[in-house]
Amino acid sequence: MRAYNFCAGPAALPTAVLEKAQAEMLDWHGKGLSIMEMSHRSKDYVAVAEKAEADLRKLMNIPENYKVLFLQGGASLQFSAIPLNLLGKNSKADYIHTGIWSEKATKEAQRYGDINVIEAGTTVDGKMAISDQSTWNLSDDAAYVHYADNETIGGIQFANIPETDKPLVADFSSSILSAPLDVSKFGLIYAGAQKNIGPAGLTIVIVRDDLLDQAKPEIPSILKYAAQAKNDSMVNTPSTYAWYLSGLVFEWLLEQGGVDAIYKANLAKAELLYGYIDSSDFYANPIAKANRSIMNVPFTLANPELEKQFLKEAEENHLLNLAGHRSVGGMRASIYNAVPLEGVQALVNFMDGFAKRNA
Ligand SMILES: *Cc1c(COP(=O)(O)O)cnc(C)c1O
């Protein structure tokens, strides 16, 4: 049986997608070989790659003047690729700090330019929150403004897209495709695939055309967006299987009714879980309501000594990977697109039973 998997990443994939991949594994579309064994330059593979891009464009309503790149190295390599590509003409950038991932992005960028760090963490009634933009000290001459839409570890998410006349660069690793998004507000959006898209090994970069010509000359060609765009993300061999499987996830999302429909489902899941946590004295979530992540729900137990027992019993109940990140402890349920409402309901039922048994 398949358990409910609340892993933060690599994360749950839709069962229907895995079944399709399984059915196509040995003999893809009657060609006598698997997709993994095909040249990335073959007509068949290129068609798979192009279909995945077209479906992602449809799902996110990506305007014509944006390139969609299918890269490797994870979101973490983009922490370097972004400054190397975008700090060529002006080596200043603003980085908004809301948690561990935006901080890691900042640390890498500081190797390449003059980075203005904006501390946006605050508290509201004792809960962690993101401060109002009016309190931020944005520079007037930044080449771009960077932020992480959803801090996967802290479970804190922006309620709005920051306003700026500079190119806005955003890490959407754990929130891409979870809710409708106006791509035209951004200069660049990036996301590692292994949270809310597909297998690890693929990184999506959506970049506006006018940002392609300002890379630093010493940039490795694999990291250069202009070179990758010109070569259809095939400057070298791409992560072909992850790209194919992500394409199956995009088809699955379209079948679900697209991003609007999955957003509704995600809201229902988040409301169910946060609603239960708020109603209980046994569990607590540390984030102010306006900034609660709809994808990653951290929670603590009133008695931390019960954490091990909680995790053990959860696993016995086929509820997997609920431990919080090693840096923060506690619990975390990641409820990405592929986690169904029934999974969240099963989690809430288990949490309620556990609380009653240990009251
Ligand atoms: C997971 C994650 C990353 C790092 O992703 P890798 O693909 O492992 O490099 C960066 N940012 C956010 C928001 C993440 O959730």
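Each Cβ is built from the backbone N, Cα and C atoms, and glycine gets one as well.
Automatic, uncurated: that is what TrEMBL annotation is.
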Check your understanding: If TrEMBL gives A75, S76, T152, D171, Q194, N236, T237 as binding pyridoxal 5'-phosphate, which of W28, W101 does it give for that site as well?
Key -> W101
**Study point:** Residue among binding-site residues S76, D171, N236 with Cα closest to the Cα of R41 (L-glutamate binding site)
**Key:** N236
Check your understanding: Looking only at DSSP and grouping its letters into three states, which state does D171 (pyridoxal 5'-phosphate binding site) belong to?
Key -> strand
**Study point:** Assigned conformation of K195 (N6-(pyridoxal phosphate)lysine) - DSSP reduced to three states
**Key:** coil
Review point. Taking every protein chain shown into account, which of the recorded positions R41, K195 has the largest tally of Cβ atoms within 10 Å of its Cβ?
Key: K195
Exercise for review: Of R41, S76, D171, N236, T237, the binding-site residues listed, which put a C-beta under 6 Å from ligand 1? Please answer none if none do.
Suggested key: S76, D171
